[in-house]
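Visitor: I'd like to ask some things about the structure below.
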Amino acid sequence: MRQVARVIVFLTLSTLSLAKTTQPISMDSYEGQEVNITCSHNNIATNDYITWYQQFPSQGPRFIIQGYKTKVTNEVASLFIPADRKSSTLSLPRVSLSDTAVYYCLVGD
C-alpha cells in the first residue's frame, strides 16, 4: 500500500523586501513521487534572492535552498527560476512521509 505524504504550503509575505509571494495552500503526493511547489513573486527586485524553508510542527524554519537565477541543486532539493524571475519552483525528489511540513518561499537580498 502506498502512503500519502501531505506537503502544506502557506501564503507568506516576505519581511525581507517589498515583494509579495504567493504559494498554493496544500498539496498531496504519494511516497516516492517528485513534488513541485511553485511560488509567484511578481514584483521581485533585481538584487533579490529566492529562499525556501521547511518547517516541522513545534520547530523553527529550516533552510532548504537559495537561488538568484536559472537552476540550483543540492542534496535536498532543486530550485528552478525562469529568466523573468517572477516565479520559482521548488522540486523535492522522492518525497516520503517525513517530508510532511510547511514550506515557505521568501524573497529578499
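Backbone N, Cα and C atoms are what each Cβ position is placed from, and that goes for glycine too.
According to Swiss-Prot, the disulfide bond annotation covers Cys39-Cys105, on the basis of sequence analysis. Look at Swiss-Prot and you will find 20-109 tagged as domain 'Ig-like', backed by sequence analysis. Swiss-Prot lists Asn36 with the feature N-linked glycosylation site, giving sequence analysis as the kind of evidence. Per Swiss-Prot, the feature signal peptide maps to 1-19.
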Visitor: Could you tally the C-beta atoms, other than its own, that fall within 10 angstroms of the C-beta of Cys105 (disulfide bond)?
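Guide: Its Cβ has 27 other Cβ atoms within 10 Å.
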Visitor: Is it possible to get the count of other C-beta atoms within 10 angstroms of the C-beta of Cys39 (disulfide bond)?
Guide: 23
Visitor: Average the per-residue pLDDT over the domain 'Ig-like' (20-109) and send me the rounded value.
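Guide: Here the predicted model's pLDDT, averaged over the domain 'Ig-like' (20-109), is 89.
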Visitor: From the Cα of Asn36 (N-linked glycosylation site) across to the Cα of Cys105 (disulfide bond), what is the distance in angstrom?
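Guide: Approximately 13 Å lies between the Cα of Cys105 (disulfide bond) and that of Asn36 (N-linked glycosylation site).
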Visitor: Give me the long-range Cβ neighbours of Asn36 (N-linked glycosylation site): same chain, 6+ apart, Cβ under 8 Å, in sequence order.
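Guide: When sequence neighbours closer than 6 are ignored, Asn36 (N-linked glycosylation site) has Thr89, Leu90, Ser91, Leu92 within Cβ distance under 8 Å.
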Visitor: Provide the three-state secondary structure of Cys39 (disulfide bond) computed with DSSP.
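Guide: Looking at the DSSP assignment, Cys39 (disulfide bond) belongs to a strand.
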Visitor: Looking only at the domain 'Ig-like' (20-109), what are its DSSP counts of helix, strand and coil residues?
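Guide: Grouping H, G, I as helix and E, B as strand yields 3 helix, 47 strand, 40 coil.
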